[in-house]
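Following: one structure in structure tokens, then a few remarks.
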Amino acid sequence: MHETAAAPAPAGFVPWPDDVAARYTAAGHWEGRSLGTHLAEAARKVPEAVCLVDGPVRMSYSELMARADGAAVRMRGLGIRPADRVVVQLPNCWEHVVVTMACLRLGALPIWALPQYRHRELSGVVTHARASALVVPDVYREFDHQALAHEVAEAQPTVRHVLVAGSDVRPDSVDLRALCEPLDADEAARVAAELDRSAPRGEEVAMLKLSGGTTGLPKLVARTHNDLSYMIKRAAQVCGFGRDTVYLAVLPLGHGFPNTGPGVLGTLLAGGRVVISGSPAPEAAFALMERERVTATSVVPAIVMRWLQYRDERPGADLGSLELMQVGASRLEPEVARQVGPKLGCRLQQVFGMAEGLLCLTRLDDPDDVVHYTQGRPISPDDEIRVVDPEGRTVGVGEPGALLTRGPYTPRGYYDSPSANARAFTPDGWYRTGDLVRRTPDGNLIVVGREKDLINRGGEKINAEEVEGFAVQVDGVLQAAAVGLPDSELGERICLFVVLADGTRVELADVRKVMENAETASFKLPERLITLPSLPTTPMGKIDKKALRAAAGRMSET
């Protein structure tokens, strides 16, 4: 029998207070078992059902667990131990799912990283996390990830192994596909029982998520088996996931949203099927929806707009199986939201979440005005919300303010980041999200901007998202982003970047007219409009205001 002692909490982990943890346990939110155990138990209920589709690969639950458990014991054979950090930088592929589950079964901590990361980002994550292993493709989109991983590993003494998926695995790398070969039936049963016995406890850290911040390198968020299992299960319940669910994973699996919101892991916990797409392009996604009879997916607003436009141009694809489309990561304009149901034939669900915990969803039975105009409400009855003014006083219903939260799946601090914790968390455990929201009488949140997303024009503080909200009311404007244009007289003037529908033309005067008709203060009117084919995004998929400010700054110099 191979049993391991409980893995020590990473040195930088901030636990919930004992009395709070006891309350969440008594409420039934925290079950005291590992996420890997929950996934294994779900798989045993439907062993022959197909659970994972990736191109020609069609994997049953029994095969998935035979591969994940096989990978777990082989990783252990490499010297990877519980609480070791494993950076997973893979594109959307079946190996991403298997190696994540292997880590969860072993007790190692996966850290999902985007394939777009290069030396600066990847080395930053590896160094901060003190990672033991890197998991990468050999080459992806003509970039040699294997070479980069070894370059990073050579500079970070904690990294002992580079695991590589692909056909060109170097002798000094570990062949990931060989590592993920399935155990035979007898061996699978023996290893499964062994891993069940040595599974991490619920209060132990399950994974480190990367924060979605746009300043500097992402921070690390330590999520426990208790809190993460509860969040995923509760989200799956709100979304109505079950054995008939067929989830299309079209967003990069380097993000948390398509994995845990409820996403891939929520689908597997519910006994459903995950279909992996390597591209969000409508041609590829619609073909998979039609072939696999997809019932649910999660996307970002930019993808929604591409899909709607494609649907207008080519209405032939059979999307009749699609029941639910989650949209999150950035604000979905109501004008776009209203088109989803009529054009794509499915229910829209707005999503507002963060790596730090809080997850808000509109509900399947919400009226259309709630779904179109709000970003939903927290999924747990024990999620706590405060909306406050700059002095920390609670504002009234409908008034904008800064969002603070705490709850059974919102950790009490970042991993090993005391200075960030001092800024982002109050002494009594409230997380300062940095979001500006309004709370409706029925408890839904409307995200109106970011606390730092303000333009200072001659001392007047202008919320950029307010300007953007007016801009997208102009016919032909698909996306808008307002930033401050440096100005020697006023400090900043308002510069508006827009993305237009094909064949349309929009002038600055068109936006100003909409704002003037709404009797908006004159100091909020944009003074420059720039059309782009697309808005730049951060590695976490959010609109990159820093890049736009830099572009605006260069323009002010010419």
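Cβ atoms are placed via backbone N, Cα and C, with glycine included.
Lifted from Swiss-Prot, the feature list:
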BINDING   GLY212, GLY213, ALA329, SER330, ARG331, VAL351, ASP435, ARG450, LYS542  ATP binding site
So for LYS542 (ATP binding site), how many other CB atoms are inside 10 Å of its CB?
16
For ASP435 (ATP binding site), what is the secondary structure by DSSP, using just helix, strand and coil?
strand
Please report the number of other Cβ atoms within 10 Å of the Cβ of ALA329 (ATP binding site).
23
Output, ordered by sequence, the same-chain residues six or more apart from ASP435 (ATP binding site) with a CB under 8 Å from its CB, or 'none'.
ALA402, LEU403, VAL447, GLY449, ARG450, GLU451
